[in-house]
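Here is what TrEMBL records for this protein:
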TRANSMEM  12-32  transmembrane segment
TRANSMEM  44-62  transmembrane segment
TRANSMEM  68-86  transmembrane segment
TRANSMEM  107-125  transmembrane segment
TRANSMEM  137-158  transmembrane segment
TRANSMEM  179-201  transmembrane segment
TRANSMEM  221-242  transmembrane segment
DOMAIN    278-377  domain 'HTH araC/xylS-type'
Amino acid sequence: MNIDNWSKVFTLALDFSSVILLVMLISLVNLGLKWLPARNKISLFLSLFLIVKLISFTFLFLDIETAFKLYACSLPIILLVGPLMTGFTQSSLLMQKKTLLDIKDSILLISGYVLISPFLIYPYPATQLPIHEQPNLLAISLYTFVFLFVTTSSYHFISMIIKFKKGALYSVGYNEQSYFWLKGVWCTMTFIWLSLIHNMISGIIDIPWEVIHISWETIDIFTSFIDISVLFSLTILTVMYCKKPIDTPAIEICEISEKYEKSALSKAQALAILKSIDMIMQTQKCFLDNSLNIEKLAKKINTPSQYLSQTINQYRTMNFYELIAKYRIEYAKEILLNEPEKTILEVAMGAGFNAKSTFNQTFKKITGLTPSQYKKETKI
């Protein structure tokens, strides 16, 4: 077997290994990170990459023309690389599940298929000519497609890389390990993006690799090696991330987001509801009513009870009774501070609690101290 054949076999082996790693990664993300809302975006990205890799193997057992048409059909998929990665990051930042493709993404994908369609219509031999010898429609379509991919993907990747560099995305840290994993995903995916950029540009510009004594076979091996290295690194990173216990609050936030995924409540409406709650609690001290429930409060602030419940769950990450308990404890702290002569029972009843034991337990849960300990500390 000559060197060229060995290089082809080696490239195929690397590509096959990449397919195995992609399947492992998709499984890891969907099984090990079930709680992560952003998993749908990263799963789609990896699945599309897997499809492209699998189609590349069709050249081995299908006739060259059919395999090429399948490859051309899969090509517009790469236009989604930038939008999916940005959507993945935004979903991680907000801890909210987002739709896989919005209208802009769909338009971008459709545009890609329109631009590639001439390669499905023209005879195969015409599509294989050097670009300067191809029919004008083919050449213009290819140039436009490459320009569209380079500009749109560069916008997404470069802007996000700059934000990471400046530390502008550190607020994602529902915990440190999640931020570290997010950075790792972006770092590895950037290498894949650069590899795609190279492949696209080399398709329209004849890069004279032979001048520096590098063969196309070597370039193919190098590209495949980058792919498998990146996927292996991402697999290891994801395995480590899956093994680390995630903070319960982070998972609860994700579950709340999924629960209200189809709700019509907007963020602006939710913020207005929160403002109304704060105002009525300060002015009317509704929390002192020990029979207060969510229906009563919803009626007082003139909002549907389901919206009130969602707002408290999603934007305060607690339930209705936990919120009321928080207001009551803050009020009780003021009484303990300003009226030290009152007994703990009097403070509990005055703050809206029905029992001293419930008051003691709630006070300690929120402040870390019992009412008596808090009273002593404030005297010092």
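Cβ atoms are placed via backbone N, Cα and C, with glycine included.
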Okay, the transmembrane segment (179-201) and the transmembrane segment (12-32): do they have at least three CB pairs under 8 Å, pairs separated by 6 or more? no
The DSSP breakdown of the domain 'HTH araC/xylS-type' (278-377) into helix, strand and coil residues is 73 helix, 0 strand, 27 coil
So what's near the transmembrane segment (179-201) in sequence-distant terms, Cβ-Cβ under 8 Å and 6+ beyond its ends? 42, 45, 49, 78, 81-82, 85, 88-89, 92, 146, 149-150, 153-154, 157, 160-161, 164, 169-170, 172-173, 207, 223, 226-227, 229-231, 233-234, 237-238, 241
Local confidence of the domain 'HTH araC/xylS-type' (278-377) - pLDDT mean: 86
For the transmembrane segment (137-158), sequence-distant contacts whose Cβ falls under 8 Å of one of its Cβ atoms, 6 or more beyond its ends: 75-76, 78-79, 81-83, 85-86, 108, 111-112, 115-119, 122, 126-127, 131, 190, 193, 196-197, 200-201, 203-204
